[in-house]
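Working notes for the structure below.
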Amino acid sequence: MRWLTSLPYSRKLTLAIYLPILVISVCSVLLIIASHHRSNYQQLFESVEQISEQVANASEYALLFNDKSLLGKNIDSLLQHPSIVGATFFDGLSRRVESAGNDIEPGQFIPALQTEQRPEQQLFIVTAPVYYTISQGESLLGLQASTTDNNIVGWLQIAATYTPTELVNLRFTLFSLGICLVFNLVALILSRRLAQHLSTPWLQLKDAVDNIYQENFGYSQNLVFPLEFAQTKEALDYIDSRLANYQAQIDAEIEQQTRDLNTHSEELEEKSAELHFANKQAEESNKLKSEFLANISHEIRTPLSAILGFTEVLRNSPLTAEQLSHINTIQLSTRNLLTTIGDILDFAKLESGKLLLEQREFNLHNLINEVFHALSSSLLNDSKDLEFVCDYAADTPEWILADDGRFRQILMNLIGNAIKFTNKGYIQVDVSTKTRRNRRVELLIQVRDTGVGIANDEIGRLFRPFSQVDARTTRKFGGTGLGLVISKELVKQMRGEITVSSSVGRGTNFYFTVDIPVAQRAPTPIQPINKKLFIFEPAHICHRSLAHHLGLLNIDAHWFTDGKSLVQALQAKSSAQPDALLLSTSSRIVSENELLALVQYCQTVLEIPCVLMGHTTSPSFSIDRFRPYTNAFISKPFSTSELSQALTEQALPTLLNPQSASPAPTLKANSRIKGLSILAVDDTQVNLHLVRHWLTPHGIELDLAYDGLQAVERAKEKDYDLILMDIQMPQMDGIEATLQIRQLPGHIETPIIALTAHVLGDEKKRIIATGMNDYLTKPITEEVLFKTIEHWCFGEDSHDQAVARALEGIFDYQKALTMTNQNHAIAKDLFTMMVEGLPHDWRMIQLHYEQGNLDELISAVHKLHGASKYTGTIGITKHANYLETHLKEFGFEDVEEVYNDFIAAIQEFEQAIPLVQWPQQSQTPEHNGAHR
C-alpha cells in the first residue's frame, strides 16, 4: 500500500469514487452471465427430454410392428434439432432396431424405466421408454399384448451436444462484458472529473499554506473557494495577514539590530583589544606568580632543610634532657613552618590547576598508622585522654596505587583536626569498600571523633579558604585555614568527594571516598601464633580492632577491663597461666605506678612476658621506667604484622620518648656504600656542609660543586657513582648542567638525583625528561638520602628504565613507528599534531558530554580514537575505544565511570608528554627500540 500513499490527492479521490462502481458493475455482470448460462442449459435439457418423449410415444406401433421406415422418419425428425446429434431405437430385449447420427454402442445401453440424462464429455444421453398402450376395444376383446413387463416395447436413446448452447452463452458473455467495459469507462471519466472538482479547494489550501511557509504572503487573498469553505478561507486569510505583519516586524527589528551592531562594532573592537591586552597581562601575571612561588619555595625550603638537617645532627649527639627538649622544640617549630608554607603553595597550585597526582604503590594500613604516630608525637599532651582506633573491613585492599604523599596529607589534616578538638574519648578511622570492579576500588574512609563538634550553621565555613569555624581556634591551635580546602580538592582529583556531619558536644564525622587502582601485590602473610594471652584493655572501643588482629594470629584471648580482675586471674591456681600479657598503657583507670608494679610482678614473680601497647609519645607516660621489665612495646594503632612481631620476637621498644635524655639512634653504617664516589652540587654552602656531615662518616668520597659550571668541570675530570644536583643555581642551573654531563662518555648512565624545592607543576616528569633519574624534595632527611643512594647505586634501574616505567601503559614508541612503516619523521609529526590538537579535542568532548549531545560526542571521541591509533598513545586508544563502544551501544546510560577513565587517560598522557624523547632520525629501528 506504499504506492497508494504516494499518489496525488485527486488520484486518491478518483479511486475512492470509482472503485465501488467498478466492484458493483463487475459483480453484477458476472451474476447475470452465470444466471443466463444456467437458464440456457436448463432449457436444452428440458427441450431434448420433451422431444424424446414425444417421438417415443409416436414410435409405439412402428417399434411394435418393426416398421423401420417409420422409425427412420422419426429419427430424421429428431436430427432436425440443432443440439441432437444421434438417435437409436431398441426393442424390448435391448436390441438395436434402428439408429442414425452418432452411433451408441449396445454394450453401453442400460434400459431405464424413466427419462435419464447422462452427460459424457461434450454430449449428454437422454433415454426414453416406448410404451404399448392397450385400447378399450382390444381390452374388451380380451387381447393380450405380447410385450414385456410394464408394457414397455422398447427404448429411444438420444445423444445431444452442448456446442450450440455454449456458442449462445459465449455471445451473451462477450456482449455483457462489452456493456460493462463501456459503462466503467464512462464511470471512470465521470469519477475523475468529479474528483478534480472536489479536490480543487483542498489543493488551493495546500498551495496557500506552502506560500505562507515560503513567506509569500497575500497569495490566499486572491483564491476563490466554494461556499462550504468560507470559514476556512477566513481563517487562512487571518493567519496570512498575522504572519505577514509578524514578518514585517521581524524584518524591522533585524534592520534595527543591524544598525545597532554597526553602531557598536567599533566599541566592540576596542573592548576586544582591551580584553586581549588584559588577558596577556593576566597570563604574564600568572607566569610571574608561578615563578615567584617557585623562587619563594626554593628560598624558604633551602634554609629550612639546613635547620632540620643540623637539628637531627644535634639529636645524635650526647645531650642533656633540657637540651634535647630545646632541639625537639626547634624541629617541631620548623616542621610546623614547613607545613604552613606547604599549605600555601599547595593552595596556589590548586588555584592555577598545576597540582598533579602521582601513582605509587603503598600499604594503606601502614600509612594510616604512621599518620597517627606522627600526629600523636606533636599533638598529644597531659590534658588529652584519647584512644586511637583503626577498623578495616574484610574486603579492603591492603596495597593500593595512589599518591601516598597526598593521601597522607589528607589524613594528616583530618586526623590532626580530630586530635586538636578532642580532649577525651577516641579518634577512629574506618576503612571500607563501596564498590570494586576490575582492578579499581572505591574506598570509603571515615574519621570520627568524640570532640567538641560543630554547629550545623558553621559546617559550611569548613571548606572556605583561610576560614575557620572559630577565630579562637587559630589563636589556640594555629593553622592557615587551608587544610580542609586542600584536602577537598585532593579528594576530588582522586575521583571522590568529602563530606562532614557533626553535633555540638558529641563529635564530628568526616568521611570521604576515593576511586583508585588496587596494587598487584599480595597481602602481607600472617603466621598464626597459637598462644594464650591475657589482654588488659579498659577502652571498649579498642576491643573490636584488637580482636580482629588477635583472631588473624589465632590467639586465645582473655579480656580484662580493670586491674583487679586481671590480678585475680593471674593468682588463680585453677586456671592455666597465659603465655604472655598484652597491657594497655593509654588508660587512666590504672595509674602508671600501678601498671609498673603489675609488670614487675608478672616478670619477676610469675615470669610471664609482658608486651605494652599505647602512645609512646604521650607526655604522661615514661617508657624508660618500664624498659627493664617489658619484652616489647607497640604504639597504637598497630597492624597485625607489628603485633605478631612484638609477640614473637619480643623486641625492645623502637619508638622512644622524644623527651628522653638519651640520644636518638643513628643510622647504621652500610658497608656497601663505603668507597662510593659522589658529587654534590648546590649553591648554598650550608646544604653542602650538611651533606658532607652525613656522607663522609660512612666512607664516601664526596666532591662539592657550588654551581652548574663547576659540576660539569668536576664531571669531566672524574667519573662519579652518583651526582646530587640542585636545580636552581646561578650561572648554570641543574637542568643545563645535567644535559651537558649526559654528553660526557663516562656519565651517560650515571644516576643524577635532583634536589629541589620547586614543587609547582608536574615537576618530577619534567626533571626525568631532562635526563635525571629521580628527585628529592627539600628538606630531605639523612635516612631518605641513604635509601636513595643505595637504590640508585646498587639497584638495577637506569634513566631509560625509569622513563619506560613512567610511560608504561601510556605511550608506546615502537607502536608509533610500526603505524608509519618505521618512518621516524612521520611518526614524530603525527605525535606533534595530536599533542597540539589535544586541548581543543578535550574541550569539545567535555562540552558535548555536559550538554548531552550523543552524536557529536561519539564523533569527537571517534576522531581522537582514530588519531591515537597512529601516534602510539596506547592509553588513550584503549579508553577511547571503551567509551566509543559504550556510547554506541548504551548511550549515556551508566557512562560516567567509562568517561572518567577516558579523561584520566588523557590527563596521564598530558603529564607524560615531557618524557617522550624522540631519538634522532638517523638511528635504526633497533636503536629506536632502546628508548622505550
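From the backbone N, Cα and C atoms, a Cβ is placed for every residue, glycine too.
On a predicted model such as this, the values are computed, not experimentally measured, just so you know.
Per TrEMBL, transmembrane segment is recorded for 15-34 (among others). Within the chain, the transmembrane segment (15-34) has long-range Cβ neighbours (under 8 A, six or more residues past its boundaries) at 7, 169, 172-173, 176-177, 179-180, 183-184, 187-188, 191-192, 194-195.
Annotation source TrEMBL lists transmembrane segment at 172-190 (among others).
The coiled coil annotation in TrEMBL covers 254-288.
Taken from TrEMBL, the feature domain 'Histidine kinase' covers 295-520.
Among the features that TrEMBL reports, domain 'Response regulatory' is placed at 532-651 (among others).
Residues or ranges marked as domain 'Response regulatory' by TrEMBL: 677-793 (among others).
Close to ASP726 (4-aspartylphosphate) in the fold, though at least 6 residues off in sequence, lie VAL681, ASP682, ASP683, THR684, ASN687, GLY734, ALA754, LEU755, THR756, each with a CB less than 8 Å from its CB. DSSP assigns ASP726 (4-aspartylphosphate) to a strand in the three-state reduction. The feature 4-aspartylphosphate is assigned by TrEMBL to ASP726.
Confidence for the domain 'HPt' (823-916), expressed as mean pLDDT, is 87. What TrEMBL lists as domain 'HPt' is 823-916.
Long-range neighbours of HIS862 (phosphohistidine) (same chain, six or more residues apart, CB within less than 8 Å of its CB): GLU884. According to TrEMBL, the phosphohistidine annotation covers HIS862.
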Spatial neighbours of the transmembrane segment (172-190) far in sequence, C-beta under 8 Å, 6+ residues away: 14, 18, 21-22, 25-26, 29, 32-33, 36-37
Three-state composition of the domain 'Response regulatory' (532-651), taking helix and strand from DSSP: 51 helix, 24 strand, 45 coil
DSSP-derived helix, strand and coil totals, residue by residue, for the domain 'Response regulatory' (677-793): 54 helix, 24 strand, 39 coil
HIS862 (phosphohistidine) - helix vs strand vs coil (DSSP): helix
The domain 'HPt' (823-916) - residue tally per DSSP class, helix then strand then coil: 81 helix, 0 strand, 13 coil
